[in-house]
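Below is a structure I'd like to ask you about.
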Amino acid sequence: MHLCHNSANISHTNSNWSRDVRASLYSLISLIILTTLVGNLIVIISISHFKQLHTPTNWLLHSMAVVDFLLGCLVMPYSMVRTVEHCWYFGELFCKLHTSTDIMLSSASILHLAFISIDRYYAVCDPLRYKAKINLAAIFVMILISWSLPAVFAFGMIFLELNLEGVEELYHNQVFCLRGCFPFFSKVSGVLAFMTSFYIPGSVMLFVYYRIYFIAKGQARSINRANLQVGLEGESRAPQSKETKAAKTLGIMVGVFLLCWCPFFFCMVLDPFLGYVIPPTLNDTLNWFGYLNSAFNPMVYAFFYPWFRRALKMVLFGKIFQKDSSRSKLFL
């Protein structure tokens, strides 16, 4: 059993920010949480309610929205208190549960993005065999992997304390005794978490986007040339627009993902090698940038998918409670 020195003083370590600053932070973070919850809840309701949206691809989007909604519901509120107060008030056991759930849901959201990019790859680059390859069974396997792998990794690592092997004393002095609660990794576990939760799925997304962009560009150029030869220049715009739109949608999803999560994961993997010099406040701030990814995902749908905008109107105006509204045509 370890003892915390000067525990009488440390036990009251909390935020040095003024009441006004803390109130502003609570308001800002509450807005982020509310945006995450409402946006993803609308995606969940829309895909669940409208029969036209019951496609394999949309069930993958539905699953990711559930992950992001749970992140906003189960993780972000407690992270908000930790961030603003600079202290963890909810006990050691709940800290482990919160950290495990945080890692699991954040990783699951990222894995869903990787699988969505694979789905888009086949849709754009192999359209003739798309429905045969990306069927309901394939989507079910993707969803199963996206949930189970992060769950086993996160809960196994945190509750077995595999992330603390070799750095137990450092964790006790720098986190536990200061009433902190945030993911703390040794060099080995940090690299493993970085590879599993960020590098591998991120590399898949970048590779797939690279392939989609150049294949779609080549297809559009070929169609352009063929139509020009028969004097149908104007008709080349429709397929080009469709392919370009698919590439742009995935490109924005990948860009938002990298912008949100890159800073956090690079600090996380480098910190053990730098002697844990990165301040917890900075880590916490970067973690919130990562959370923003879950709030931005529904905004990408709203911008690029007309069906989402139509479904949003029907949900907001209560039209989903009308008879046979589930059979409404959201697209042709």
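Just so you know, glycine gets a Cβ as well, placed from its N, Cα and C.
Okay, these came from Swiss-Prot:
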- 1-24: topological domain 'Extracellular' (TOPO_DOM)
- Cys4-Cys177: disulfide bond (DISULFID)
- Asn9: N-linked glycosylation site (CARBOHYD)
- Asn16: N-linked glycosylation site (CARBOHYD)
- 25-45: transmembrane segment (TRANSMEM)
- 46-58: topological domain 'Cytoplasmic' (TOPO_DOM)
- 59-79: transmembrane segment (TRANSMEM)
- 80-97: topological domain 'Extracellular' (TOPO_DOM)
- Cys95-Cys181: disulfide bond (DISULFID)
- 98-118: transmembrane segment (TRANSMEM)
- Asp102: 2-phenylethylamine binding site (BINDING)
- 119-138: topological domain 'Cytoplasmic' (TOPO_DOM)
- 139-159: transmembrane segment (TRANSMEM)
- 160-187: topological domain 'Extracellular' (TOPO_DOM)
- 188-208: transmembrane segment (TRANSMEM)
- 209-249: topological domain 'Cytoplasmic' (TOPO_DOM)
- 250-270: transmembrane segment (TRANSMEM)
- 271-287: topological domain 'Extracellular' (TOPO_DOM)
- Asn283: N-linked glycosylation site (CARBOHYD)
- 288-308: transmembrane segment (TRANSMEM)
- 309-332: topological domain 'Cytoplasmic' (TOPO_DOM)
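In terms of burial and nearby residues, how do these features look in this structure?
In the three-state DSSP reading, Asn16 (N-linked glycosylation site) counts as coil.
Counting same-chain residues at least six beyond the ends of the topological domain 'Cytoplasmic' (46-58), those with a Cβ under 8 angstroms from any Cβ of the stretch are 65, 116, 119, 123, 134-136, 138-139, 307-308, 311-312, 315, 320, 325-331.
The average pLDDT the prediction assigns to the topological domain 'Extracellular' (80-97) is 93.
Its Cβ taken as reference, Cys181 (disulfide bond) is surrounded by 24 other Cβ atoms within 10 Å in the chains shown. In the three-state DSSP scheme, Cys181 (disulfide bond) is classed as coil.
In this structure, Asp102 (2-phenylethylamine binding site) is part of a helix by DSSP.
Sorting each residue of the topological domain 'Cytoplasmic' (119-138) by its DSSP state yields 17 helix, 0 strand, 3 coil.
Outside the transmembrane segment (139-159) by six or more residues, the chain places 56-57, 59-60, 63-64, 67, 96, 99-105, 107-108, 111-112, 115, 118-119, 189, 193, 196-197 with a CB less than 8 A from a CB of the stretch.
Across the topological domain 'Extracellular' (160-187), DSSP classifies residues as 13 helix, 0 strand, 15 coil.
Long-range contacts of the transmembrane segment (188-208) within the same chain, counting only residues at least 6 positions beyond its ends with a Cβ under 8 Å from a Cβ of the stretch, are 103, 106-107, 110-111, 113-114, 117-118, 120-121, 149-150, 153, 157, 162-166, 250, 253-254, 257-258, 261, 265, 268-269, 271-272.
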Select the range from 59-79, 98-118, 250-270, 288-308 that forms the most Cβ-Cβ pairs under 8 Å with the transmembrane segment (25-45).
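Stretch with maximum Cβ contacts: 59-79.
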So among Asn16, Cys177, Asn283, all listed as recorded positions, which is physically nearest to Cys95 (disulfide bond)? Use the C-alpha atoms.
Cys177
Do you know offhand how many angstrom separate Asn16 (N-linked glycosylation site) and Asn283 (N-linked glycosylation site) by C-alpha?
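Counting only the Cα atoms, the answer is 18 Å.
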Using DSSP and collapsing to three states, where does Cys95 (disulfide bond) fall: helix, strand or coil?
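The three-state answer is helix.
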Out of the recorded positions Asp102, Cys177, Cys181, give me the one sitting nearest to Asn283 (N-linked glycosylation site) by CA distance.
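Among Asp102, Cys177, Cys181, Cys181.
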Determine the minimum-neighbour residue: among Asn16, Asn283, listed as glycosylation sites, which Cβ has the fewest other Cβ atoms within 10 angstroms?
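If we count Cβ atoms within 10 Å for the glycosylation sites Asn16, Asn283, the smallest count is at Asn16.
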